[in-house]
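Okay, so here's the structure we're looking at.
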Amino acid sequence: MARVRRRLEKLKLSTLYSFALCAKGSTEDHSKIGTAGFSRVVYVNDPDRHEEEGFRYPRNEVSTTKYSLVTFVPKSLFEQFRRVANFYFLVSGILTLTPLAPYSAVSALLPLSVVITATMLKEGVEDWRRKQQDIELNNRIVKVHRGNGSFEETKWKYIKIGDVIKVEKDNFFPADLILLSSNYPDGICYVETMNLDGETNLKIKQALEVTSDLQEDGDFTNLRQIIKCEDPNANLYSFVGTMDYKGMRHPLSPQQLLLRDSKLRNTDYIYGAVIFTGHDTKVMQNATEPPSKRSKIEKKMDYIIYLLLCSLLGIALLGSVFFGIWTKADLRNGELKRWYLRPDDSTVFYDPKRAPLASFCHLLTALMLYNYFIPISLYISIEMVKILQAVFINQDIDMYDEESDKPTHARTSNLNEELGQVDTILSDKTGTLTCNMMEFIKCSIAGTAYGQSVTEVEKAMALRKGVPLGDEIEAGGHKEKQIEESPHVKGFNLKDPRIMDGNWIHEPNKDVIRDFFRLLAICHTCIPEVDETDKVSYEAESPDEAAFVIAARELGFEFYKRTQTSIVIRERDPNQNVADYQYRKYELLNVLEFSSSRRRMSVIVKEPEPEGRILLFSKGADSVMFTRLAPDGRKFEEETKRHINEYSDSGLRTLVLAYRVLDEKEYENFAEKFRTAKISGSADRDEQIGEAADSIERDLILLGATAVEDKLQKGVPECIDKLAQAGIKIWVLTGDKMETAINIGFACSLLRQGMTQIIIALEAPDIIALEKNGDKDSIAKASKQSVMGQIEDGIKQVPTLGQSSTESFALIIDGKSLTYALEDDVKFKFLDLAVKCASVICCRSSPKQKALVTRLVKHSDKVTLAIGDGANDVGMLQEADIGVGISGVEGMQAVMASDIAIAQFRFLERLLLVHGHWCYRRISVMVYSYVWTSNQLSKFNYYVDILFLMQICYFFYKNVTFGVTIFLYEAFASFSGKPAYNDWFLSLYNVFFTSLPVIALGVFDQDVSSRLCLQYPELYQEGVQNVLFSWRRILGWMFNGVVNAILIFFFCTTALKDQAFRQDGQVAGLDALGATMYTCVVWVVNCQMALSVNYFTIIQHIFIWGSITVWYIFLMVYGAIDPKYSKTAYMVFIEQLGPQRYHIGW
């Protein structure tokens, strides 16, 4: 490796066109420096001067926490009391401090304090974890210049503006820096920006020429510079600044800017000057809070709370009206009706003379008394359940990817139940459905197709046509037996004995084949690294580039060495049985780099003697390359085009390879033209360079074409098939052209045999004719009309909801058409068509279009899930109801923006059909049961998707049952405001005696096993249709809760009425009646919980029967305490268990 480093250090890469582009000046207007927005001044190597000059720059310490030590309590309390239920309990608790309270203030405020404290502790723990991550980041070490050429190790948080720092290989940049120099003579360095934009390919940065000679630590002893630049902003791809150094002012561009959180690669070290620190850095300027997502069930839960509040207010008003009427009637014409209440000598609360005021006071008392309709522990219990559900998702071994050592990670637990209601999945293709690991699998050389490997798409096409793929496959017009399996080489999967192992020498066009392989080995920007065993590995800007050089190596043309002016190829002699290498050294003259506008890449080299020819090797897209062929260079054009179409039909990515021989005079003219353009300072400098390159890339001779496969991830077709059986619609948003996307769709089961395809594309002859004329307005108008017409025709094909049809439809639309389909007056027609189709494929989609399509689908009021792996998918993930990031090879940007991270697309099947199904049902029953009881329990075993909703239902069920018994007793007692239960009975009902069973249900209950969930994916539709969490079912649970409460109340009062309860003949009092009713309620709601459980575990048994047992233990212990504290609970347990007393009286 040291030898590789020494070799790379000798490179003077700026002599090459590709790398010379790094040194070009910025086209931005540097006259803005010093004006508003461009006012930053940095004194390099003199950080203390900034404070002397009055500049106040932030420290490099960053914080991503939600709270600080000072703000935690007030901010967290504000967050808690934003919830309507918590705010209601706070107001109610404050009112208990007044004489109006029907129970003690402690018994009301203590449970609220427990709930709020527990929730705050949860928030605090989560924030403390973020704090720990910040501490680890801020305490990383980097070398900082401390004078006299000495660099000392310093923590990141102590870095200041103006510091000169030294960053070594494979370390992150601690702040935004201006690159001063590197271990390469030209100041070149390689940067990985995966944390910023999700891209794993390396970016090349280059220092200014005036600072690139600062190679040693001692060179910085007397360094003084002044950098003036733009103020902090979030734009990652632009930078405007100047550097005053040695009396000269030099423009700075993004090519000198190294951003925080990017990593130094393939470079031993760099020196840089700090210009932005801490929250001023561009990565922190881009750090926005992810959108707040709440599940639809949670939103509906708020409406249920409002409904209960309205019910509470209604019965409180009703009781207050009756109380006022009866109180006023207590004293009429001086006669006392209820003399035992002493209405002639009462307080304002019972004064018949001030009945309206007494009624109002009673209203306040009733609002406090009936607050048990609202489940105080609902929110914290649901949060606990969701966290535990997320833990189980994270720990699921069936969603762990052993190859990448990555488990599934639920980054938020707020959306667990949404996983059981997904109607539409919007997916990226490359890296999501496919591996984003390119393999060289086929090629066309001199009109002959090589490569016998079968792609996933070909397998799907053969299956679709009913043609089995046997051991013999056709290649090049004749049948060949498949060759023996050889050890797999990453990036190379070409199987063809005609050109493997040097057999290409026997082919009729062996010279063309040799030039084809040499082009693969030379025409690229890869960097070779040779280890101690002389084995070569490559650093490439893209997976395609790596696949090409690996293919060349495996075929005997190994890219071995790159210097500042040469490329060395190690060629294996095909005529020798043993490995006999010949080293060919090509003089490297220019590299004309690939760009999205050029769609091709070229290199100009000079062959070694004796040939000594100047060659231009070029590769690019077929649409560009075929138009640049010379008349005598089109010998194999028709065959090559046919092979390219076949490769595209097989889902492969293709490039055309061609070359030409340049005479010295022609090259000298080009070199002079290029040199003039390069040193030009005009605004159209880049256009001049492009024109120079374009002038030489003509009259090419066709060699052939390459075909690389981006393989489908393991299990993708099976996963998509299961999701389709579950009734989930799947949309694929890809940048591929339509033919490739369609064939990939068949390979991954997105498109199926017999499915009717509705294709929307702008390929009509009149549109093409307008495009040739170039009238933009006419093109746009005609294109929009064409798209609208095709959409309307598609709507006519698809049956309406009222019509029955066994036919399934797939919608396929290209990028141009999608632009018009997303316009305001067209998009809802497009949505109407798309939602009626089982599959949708959007081709040539931009990142913005992906986000807009996702936003549009959300208008259908169905739960959407977006899944992607790259930075270009972030907008789509954040727009969707649920964002799933795949932790693949394109970095972590998508994962960081997601709600759930998985390693492989196939894990989506288990995530939705199993965990989503369970979570949905658990939570639904949990909340229903918090409010009311159900006489439709037999149906719950049928509704198999609503586990999350079950949990919510139970919460409301138990509170309605409990609250109605309080109301009935108050009506029984003439709405006196006296509670039926002891203060602590009221307070602990939701906290200890009924909450744990529902938490156990929310975590452990299963209506069916995971095996059956996967075996019968149709079960998932119950969640999509939201069968159980409907207002009809909610009101049904409430009604049954009321019925339960009525039965309990009248059973208890009837059983104890007119019966001698004590030895002296006294009947049962409030204490006995309250304890009896409370015991019945605890038994009923816990037994209701037991009936709702589908899958009993030991924990559920402990929680259900343990809650009942705890009630009896509490009643006995609490009743044994001094009556000053236990009040109506004093000895009531022992008294009621005692023998029945009989009293005969007359």
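Glycine is treated like the rest: Cβ placed from N, Cα and C.
TrEMBL annotations:
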ACT_SITE  ASP428  active site, 4-aspartylphosphate intermediate
BINDING   ASP428, LYS429, THR430, GLU545, PHE594, LYS619, ARG653, THR734, GLY735, ASP736, ARG844, LYS850, ASN872, ASP873  ATP binding site
BINDING   ASP428, THR430, ASP869, ASP873  Mg(2+) binding site
DOMAIN    42-108  domain 'P-type ATPase N-terminal'
DOMAIN    895-932  domain 'P-type ATPase C-terminal'
DOMAIN    952-1138  domain 'P-type ATPase C-terminal'
TRANSMEM  84-102  transmembrane segment
TRANSMEM  303-326  transmembrane segment
TRANSMEM  357-380  transmembrane segment
TRANSMEM  946-972  transmembrane segment
TRANSMEM  984-1004  transmembrane segment
TRANSMEM  1034-1056  transmembrane segment
TRANSMEM  1068-1086  transmembrane segment
TRANSMEM  1098-1121  transmembrane segment
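Structural mapping of features recorded in TrEMBL.
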| residue | record | Cβ contacts under 8 Å, 6 or more apart |
| --- | --- | --- |
| ASP428 | active site, 4-aspartylphosphate intermediate | VAL732, LEU733, THR734, LYS850, ILE867, GLY868, ASP869, GLY870, ASN872, ASP873, MET876 |
| PHE594 | ATP binding site | ARG600, MET601, GLY620 |
| ARG653 | ATP binding site | MET438, ASP544, ALA707, VAL708, GLU709, ASP710, THR740 |
| GLY735 | ATP binding site | LYS429, THR430, CYS843, ARG844, SER845, SER846 |
| query | Do the transmembrane segment (1068-1086) and the transmembrane segment (84-102) come close, with at least three CB pairs under 8 A (pairs 6 or more apart in sequence)? | reply | no
| remark: DSSP composition of the domain 'P-type ATPase N-terminal' (42-108), residue counts helix/strand/coil, works out to 30 helix, 3 strand, 34 coil
| task | Let me know the most crowded of the binding-site residues, choosing from THR430, ASN872 and counting other Cβ atoms within 10 Å. | result | ASN872
| request: Inside 10 Å of the Cβ of ASP873 (Mg(2+) binding site), count up the other Cβ atoms and send me the figure. | output: 32
| field | Surrounding residues of the transmembrane segment (357-380) on its own chain - C-beta under 8 Å, 6+ positions past either end | value | 83, 85-86, 88-89, 92, 95-96, 100-103, 108, 111-112, 115, 118-119, 122, 301, 305, 308-309, 311-313, 315-317, 319-321, 323-324, 327, 348-351, 927, 930-931, 952, 955-956, 958-960, 962-963, 966-967, 970, 975, 977, 979, 986, 989-991, 995
| said: By the count of other Cβ atoms within 10 Å, pick out the sparsest of the binding-site residues ARG844, ASP869. | reply: ARG844
| Is the transmembrane segment (84-102) in contact with the transmembrane segment (984-1004), using three or more Cβ pairs under 8 angstroms as the rule and ignoring pairs under 6 apart in sequence? | no
| field | Mean per-residue pLDDT computed across the domain 'P-type ATPase N-terminal' (42-108) | value | 85
